[in-house]
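The transmembrane segment annotation in TrEMBL covers 28-47, 86-110, 139-160, 180-202, 222-246.
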Amino acid sequence: MTGTAVKEPAKKKPFVLDLYATAVGKKYVMAVTGLIGIGFVITHMIGNLKMYLGVIDEGNGERAYDIDIYGEFLRELAVPLLPRTYVLWGLRIVLIAAVALHIHAAAGLTKMNHEARSVKYQSARDYQVANFASRSMRWTGSIVSIFIVWHLADLTWGFVHPDHVVGAAYYNISESLSRIPVAILYIVGNVALGIHLFHGVWSLFQSLGWNNPKFNAWRRNIAIGTAALIVAGNVSFPVAVMAGVVEYDPAAVTHPVGEEAGE
Ligand code: HEM
């Protein structure tokens, strides 16, 4: 067949984009990006538990809060193979992309659901259950999104934190969460996250096709367990600060920060 001109077929969209255009594709993206988010939230909570370890002796006569040493470790990941904060920025980019895709797919699914309203559920009960779940996901998802922006402005950038000091996590947490309205905000944000995670973990098994009936009791337990673990750990932080269990002490460290150090 050499020399025969073959007519080019019409340009087709890449397979992944075709898949993403469908509800199944969007649900898959929500499940995978949701798993990335859960991975972050669990790791972040475990890292924050370090605030309970207080001050440690670094062995060279230096004393610092363990959580601040952990923060420095994250910024120093893969140094000297890569410059400082490169790995951290790589992880941040993955997380930002995951959150953006998660929200984009959620908005797309909502739009598709509205357009498909002519297809009614079999019974009013089914309708109510499905409607409540998806409505509560939109509400809790929005509250969590607002919480994250506020949380970054508080503890990472410091716009809404009058005494913020870059890199001093223990000090920043202790100063911020000791304000009652802020502590309440952290509790509300994390309870919303817990509700979101409960339904999210439950649905992601469905979206990824892991819905064997034998597995359903486990599915429920995993969803409850994940949500409860995150809520218990994260709500304990504002409570611990309010109770004075976590309280910055400039005399306990060799390089104090904040007003006491005249910064
Ligand atoms: C009471 C609970 C929480 C505490 C005490 C806490 C504490 C912190 C602190 C101290 C930082 C700043 C680290 C630094 O730059 O020095 C931080 C960053 C961050 N937190 Fe939280 N956090 C909590 C809950 C959450 C939740 C529930 C989410 C997400 C759903 C979240 C998402 C983030 C993100 C995305 C960053 C930025 C990470 C980075 O810059 O690499 N946090 N958190």
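Quick reminder: no glycine exception, Cβ is built from N, Cα and C everywhere.
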Tertiary contacts of the transmembrane segment (222-246), defined by C-beta under 8 angstroms and 6+ residue spacing from its ends, are 38, 41-42, 45-46, 48-49, 51-52, 170, 173-174, 177-178, 180, 182-184, 186-187, 190-191, 193-195, 197-199, 201-202, 205
Chain residues outside the transmembrane segment (139-160) and at least six past its termini with a C-beta under 8 angstroms from it: 99, 103, 106, 166, 169, 172-173, 176, 182, 185-186, 188-190, 192-193, 195-196, 199
